[in-house]
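J.: Dropping a structure here in structure tokens format, bear with me for questions.
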Amino acid sequence: MSVHEPTGNTPDSVNTKDATLPVHAQSREVEPAVLDGELVAEPPGPVYERPKINRLVSRWLRSPRVPRYLKDRRQAAQAGKDLLAAILRSPLRYMGAVVRGIVAAARWWRQWVTVRDYREAAEQAEKLADKFAEIRALTLFRWKVTGAVAVAVAAALLVADLVHGPRALWIAGGGVSVALAILGRRREGSPGRKAVLAGPRTLTWTMDPQILVDAFRDAKLIGKDETLRLVERAARVGDGWAITVDLPATRKAADVIKNRDALASALAVDEVQLIVERVRGNGGHAGRVAMWVADQDPYASPPVRTPLLPMERWDAWRPVPFGRDARNRRVDLPLVWTSLLVGAIPRQGKTFAARLAAAGLILDPHTRLYVADFKAGKDWDAAAAVAHRFMSGDESEHARMLIGWLVELISEVQDRYRRMRALDDSICPESKVTPAMSRDPSLNMPITAIFIDEVQVPLEDRSPVTVEGKKLTAGEYVGELLTWLAKKGPAAGIVLVLATQRPDSKTIPSGLRAVLGSRFALRVMDWRDSNIILGEQMNTRGYDSSRLLASHKGVGILRPDGDSEAGADVLAVMVRTYYMPNEDWQTICQRGRALREAEGTLTGHAAGQDTTPVPDHAAAAKAIGAGNASSRADWRVHELPEPLASVVDYLGADLEPDGREFVPTAELTEALDLEATTLAQQMSELGCQPTRYRIPTEDGETRRVRGYLTAEIRAAIERVAADEISSSDDARGDRP
Ligand SMILES: Nc1ncnc2c1ncn2[C@@H]1O[C@H](COP(=O)(O)OP(=O)(O)OP(=O)(O)O)[C@@H](O)[C@H]1O
């Protein structure tokens, strides 16, 4: 029931703003406000009927007590197959159990008839000689009992045969075989003879779950007396077997992922064949593991061509088809609102991977492209037909040209933010470009992607540039501009895709790496390089791209942006990129050009208007705050002695004043593979003394550990830099 407000003769004082202001009473007889109302019955709220049967079905499906094979058709089919296989194998298994039973019974009888226990007791008490006569008598007696029982059984069988016919013999034989089968059944921990050098281990866990449990125990993923719980029985999925199990309480699925190699060894498969994932969300928990074991190397098959090839066009806002995982599931890569770093040693497929990302954007005519190919090959040439700006070369002049582009993009981003602030909320609800805004020609805010292949070339360029009176190398300036763009650009619709052959921290500034959202690491030389691309400690979580095989071209570890839909569920995934040879790439670029011509969005280099932007360095320097930029760059410029250089490498952005405050010695020794005493000695030679510091532990407590304050490490770097400068000044002074 609700009371409706009066509408007709409402006094103004009730509804107008002024009425809320205090009013001085003119006289005592103030006319009271007359509120006119009407009682009406509240209309009944909508009743959403849920049929009972639906409720039952949903409870059935959600109940943890109902086994999976009664909920899922695939699991039911697998259960049926398993049952059939068990029935077919049962005669053999029965025979095996009977034979084992006969052996066990014979062993027992031998021990009994030779009075083994009595004899051993006498031996231990060193009274065998005294008891010898007794033991002999007992042995004789037991032999006689055996003979009597054998005669009695034979006689009983003969009588039964004469009275009831051979049926009786069959029944007796059946009964004895059942007893023997029970005696010889396989039990956990049952003793058996184990071969010293058994044959090769093979993958038989799909038949015998005990082998899976043993493998988890052997890999030390569960304790000796712990076991697994089956969530989804082993079933054929694609070209392999999938199974989902629950670990014992307190064991973590993350640890299984981390120790995938040990599990692969215990299961006798190559680690590329074993995929281990956590089951997340409603159907999963921190101890639920989904495993998939491929029948053979999943990357040995011919690569799959990109599905973009037959597409007429693509929407840049949709994640771009990037590749397939080992289970042949599609892996898409969101690009808008994020940025991508691709790293690997040469000839592993970096350019191919970066081109895949580009292909999706090329097929959207509302996307603007900047392509800088510092590889100076012909891999990117076809993109010149669609790119707003294009260059190919590895000289200093190209690095300078890139600086011009980046400064232009910084002004563009600032301009976009300014204009977005002025836009109506219905068009621009947050300070972020939306799909509609990016396609509106009047707003001129298209998704703008900049692809830089072999980005280490401009980042290592030592030619001097002067920005607002400050002297920098071109490489440092490029690093700072890229860092700013990677930080601020994505929300304004700028996508950065950087590919590098040298993913070390001296080349890619840690500040830049820290703000690149998505990472793709193809094969690298060691785990440090892998961590530099994928992020700190990723090797300890089971993601190390140095373990990939050289023959697996295009296979890498993709760590999607944690903020994106793809990155919300998985930390990282191993993927083999789609194969897009040059002719497919050229076709896509030509199609992209035709689309842009039709939409009237062909601009810049592709449209023959290749104007070099006039860089507004003053605005860019103001934006990136050139002052603090150089202090960070200093760490890279100066040649640091070991172990300081490795510490700087390892800590990366954590060493910034707004990064970590303290780093434990144990963490450094593990990361740098150094003895604690060696590290302490070398660091103290550089004037860096360890200290004790309280750090939070996993259970919420704090613990005092030894380590270094990052401020101390920064001070040591500055001392080295100061020494270097003074020694070079001295050297100059000494010159005649
Ligand atoms: N997904 C893939 N499937 C199969 N082969 C691939 C795949 N991606 C790349 N390749 C092969 O790997 C080779 C090297 O690729 P690419 O040129 O991209 O390497 P790169 O890492 O950029 O090398 P560089 O560092 O020398 O520039 C290509 O010639 C291609 O044949």
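Cβ atoms are placed via backbone N, Cα and C, with glycine included.
Per TrEMBL, the features are:
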{"type": "BINDING", "residues": "Ala344, Ile345, Pro346, Arg347, Gln348, Gly349, Lys350, Thr351", "note": "ATP binding site"}
{"type": "DOMAIN", "residues": "317-531", "note": "domain 'FtsK'"}
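For each feature listed, report its degree of burial, its nearest neighbours and the pertinent distances within the displayed model.
T.: The C-beta environment of Gln348 (ATP binding site), restricted to residues of the same chain at least 6 apart in sequence and closer than 8 Å, consists of Leu522, Arg523, Ala550, Lys553, Gly554, Gly556. Under the DSSP three-state reduction, Gln348 (ATP binding site) is assigned to coil, being neither helix nor strand.
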J.: Kindly state the mean pLDDT of the domain 'FtsK' (317-531) in the predicted structure.
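T.: It averages 91.
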J.: On a simple 10 Å Cβ count over all chains shown, which one of the binding-site residues Pro346, Gly349 is most densely packed?
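T.: Of Pro346, Gly349, the one with the most crowded Cβ is Gly349.
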J.: Is any of Ala344, Ile345, Arg347 (binding-site residues) within Cβ reach of ligand 1, i.e. under 6 A, and which?
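T.: By the Cβ criterion, which requires under 6 Å to ligand 1, the hits are Ala344, Arg347.
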J.: Could you tell me which of these binding-site residues, Ala344, Ile345, has the fewest other Cβ atoms within 10 Å of its Cβ?
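T.: Comparing Cβ neighbour counts within 10 Å for the binding-site residues Ala344, Ile345 gives Ile345.
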J.: Name them in sequence order: residues not among Ala344, Ile345, Pro346, Arg347, Gln348, Gly349, Lys350, Thr351 whose Cβ is within 8 Å of the mean position of the Cβ atoms defining the ATP site.
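T.: The surrounding set, listed in chain order, is Gln501, Leu522, Arg523.
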J.: With Cβ-Cβ distance below 8 Å and at least 6 positions apart along the chain, what are the contacts of Arg347 (ATP binding site)? List them in sequence order.
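T.: Same-chain residues close to Arg347 (ATP binding site) (Cβ under 8 Å, separated by 6 or more) are Lys553.
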